[in-house]
Amino acid sequence: MPSSTTTLSLTTSAPAGIKADALIVGVHASAEGPLLTHEPTPESPWQAITDAAALAGLTGRPGDVATLPGGDLVAADRLVLVGLGEVEKLTPERVRRAAGVAARAVAGLRTVATTLSAVDLTATAEGLLLGSYQFEAYKGARKAAVRTVRLVVPSAAKAAKDELQRAVVTAESVLLARDLVNTAPNDLFPASFAERARAAAETAGLKVQVLDEKALAKGGYGGILAVGSGSVRPPRLVRISYAPRGARTSVALVGKGITFDSGGISIKPGPGMPDMTSDMAGAAAVVATVIGAAALGLPIAVTATVPLAENLPSGSAYRPGDVITHYAPRGQQATTSHILNTDAEGRIVLADAIVRACEDGPDYLLETATLTGAQLVALGDRTMGVMGTDELRDRVAELARECGEDGWAMPLPEHLREGLDSYLADLQNISNNRYGGMLVAGHYLGHFVADGVQWAHLDVAGPAFNGGATYGYTTQGGTGVPVRTLLATLADLAAR
Ligand code: BES
Ligand code: MN
Ligand code: ZN
């Protein structure tokens, strides 16, 4: 996993006395002007700081940040004030975003301290590490990330140390996913993705299996092979297993790994096509999640199954009109799909991967993909759509909101499934019904989930990639969504 260049530690020192390059303090917005997150006490200068914040024109709204000289106020050279919004509306996500904003305000500094951690330690640690992220493969660091941050907490006992450790592992898992998404498609193709996943997983002590195109043909993975057939860079299937001793629950993770989606013969229009470098964000997330689960030592067995292919048009590409046969375990009837649009490719590779994942007999299946433009139409670009079996779907959507990634449960209306009936094969890969494209795709995937497996499908077409400007702790490009939701779900299932 990429280890962040920022090191975090805990301190119980009085914040005003900490000698550092900067002290970051949260400020609430109120009718009476800015309000500090700490009550003034006789020995601390918080009232003077509040006055200074007001004079600097800081309102305390989310996104606000101002740097003042530490002067006589605090022992640190600079005082960085960052907005948290109204006290009554405070959430962990507001703290996380403020920490992200503050992290960039202190970029280039060496030693920093913050009291945001006294409000919420996990959110502060995650926000600092995610907000200071820069992808340096193609462009040098603009300003080095802050070197060390001391997190002020009421107690630095074991519970706080463990909480910090979990937050660091979570953030580093997100950063691994971001690195993979941000790697350009000429560098990240099925074979190179597989090798990077193998290296990261083996370093973490996990078992890895990679099927190349020959093994895929031998195994009958007709969906993955069809989608990958247009590219000179052949497809792969990667499997990564974490199996701690004594685990009673098993979870299958599946993530869409289209290293570039041109649409294939059903080619996409030019604008927006470069963003299809992110069409492997689901794959990146599940690879990062299984590694993160191991680093956290979660008492639950996890296997990630990752289909990787590049969807390109060429003389060898699969066509609209083709009928393909999906993977099926020995002795089990294989499903056939009539391809009506080669741009609905994610579901085709996922179908093979879901069947393979279910062959292990997992209790739960968590599957994620940048699957449909319809997700963006339905929920916007920052809210994932969660479908699947009722209970797991609702729990995952709730956990997505709790961890700050934002998700919403979506239905799978029965009549929409009928649009996938084909006159020629078991299914067709797009519907005759123009509406509810995200839900139709969910239905298609649901066909391949084995009976008795609790299942959640996370469509992250919008949230996985930030095509706009940096905000909060969300940098440009890959966001790492839904790594935090998946880790939170694994922790939740492990605790049952
Ligand atoms: N990778 C795209 C979905 C996507 C769109 C992700 C925008 C991120 C941003 C997917 O493979 C796709 O092309 N889906 C089609 C499906 C359609 C042909 C049924 C779509 O959504 O248009
Ligand atoms: Mn597509
Ligand atoms: Zn796609």
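Just so it is clear, glycine is given a Cβ too, placed from its N, Cα and C backbone atoms.
Under DSSP, K268 (active site) is assigned to coil, being neither helix nor strand in the three-state scheme. Neighbours of K268 (active site), defined as other CB atoms within 10 A of its CB across all chains, total 15. Summarising the annotation, TrEMBL assigns active site to K268 (among others).
Counting only same-chain residues six or more apart in sequence, the Cβ atoms lying under 8 angstroms from the Cβ of R347 (active site) belong to A369, L371, N429, A441, Y444, L445. The feature active site is assigned by TrEMBL to R347 (among others).
Residues annotated as Mn(2+) 2 binding site in TrEMBL: K256, D261, D279, E345. Under the DSSP three-state reduction, D279 (Mn(2+) 2 binding site) is assigned to coil, being neither helix nor strand.
Residues annotated as Mn(2+) 1 binding site in TrEMBL: D261, D343, E345. In the three-state DSSP scheme, E345 (Mn(2+) 2 binding site) falls into the coil class. In this view, E345 (Mn(2+) 2 binding site) is surrounded by 30 other Cβ atoms within 10 Å of its Cβ, with every protein chain counted.
Residues or ranges marked as domain 'Cytosol aminopeptidase' by TrEMBL: 341-348. Per-residue confidence over the domain 'Cytosol aminopeptidase' (341-348) averages out at a pLDDT of 98.
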Long-range neighbours of the domain 'Cytosol aminopeptidase' (341-348), counting only residues six or more past its ends (CB under 8 A): 223-224, 226-227, 256, 258, 261, 263-268, 279, 309, 311, 313, 317-320, 324, 326, 369-371, 429-430, 441, 444-445
For the Mn(2+) 2 site built from K256, D261, D279, E345, further residues of that chain with CB within 8 A of the site's CB center: V227, G257, I258, M276, M280, A309, N311, G346, V349, A369, T370, L371
Neighbour tally for K256 (Mn(2+) 2 binding site), based on other Cβ positions within 10 Å of its Cβ: 32
Per-residue Cβ crowding (10 Å cut-off), top of binding-site residues D279, D343: D279
Filtered recorded positions, from K256, K268, D343, R347, whose Cβ is under 6 Å from an atom of ligand 3: none
